[in-house]
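If you check Swiss-Prot, you get these features:
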- 74, 75, 76, 87, 91, 92, 93: substrate binding site (BINDING)
């Protein structure tokens, strides 16, 4: 299945940086790349442990109604450098037209420097269902009941 996502580059964005793309035929996530403003392209962006930084992609997108774009971490960056998204998955709504930035943090012990053009996250397009929330006097009973975190055990 294919869906068209309109992409607009920011006026300052480097056109040599590829638009989001899928690395393999079966990939669910399209790679997003750092597209840094001209004044910091040479030095990159350093993220200190436990700090948060919004890394620009230089893009704006138009997601079709009925869909969202989920921004997810890249597993290799998480494993090798402790780089993750504190709000994973980040949600880009279909009516948002602002700059697409990726909120990143380092959960490791060493700073990470991201360079212009680095793959920094993945974008997954997913359908959206808007529910109707209805007040009720009671909820139907289930076998699980009110058991919350860890209540279903291990294994």
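Backbone N, Cα and C atoms are what each Cβ position is placed from, and that goes for glycine too.
Feature map: annotations from Swiss-Prot on the structure.
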{"residue": "74", "record": "substrate binding site", "CB count, 10 Å": "20"}
{"residue": "75", "record": "substrate binding site", "CB count, 10 Å": "11"}
{"residue": "76", "record": "substrate binding site", "CB count, 10 Å": "10"}
{"residue": "87", "record": "substrate binding site", "CB count, 10 Å": "11"}
{"residue": "91", "record": "substrate binding site", "CB count, 10 Å": "12"}
{"residue": "92", "record": "substrate binding site", "CB count, 10 Å": "18"}
{"residue": "93", "record": "substrate binding site", "CB count, 10 Å": "11"}
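In the three-state DSSP classification, residue 75 (substrate binding site) falls within a helix.
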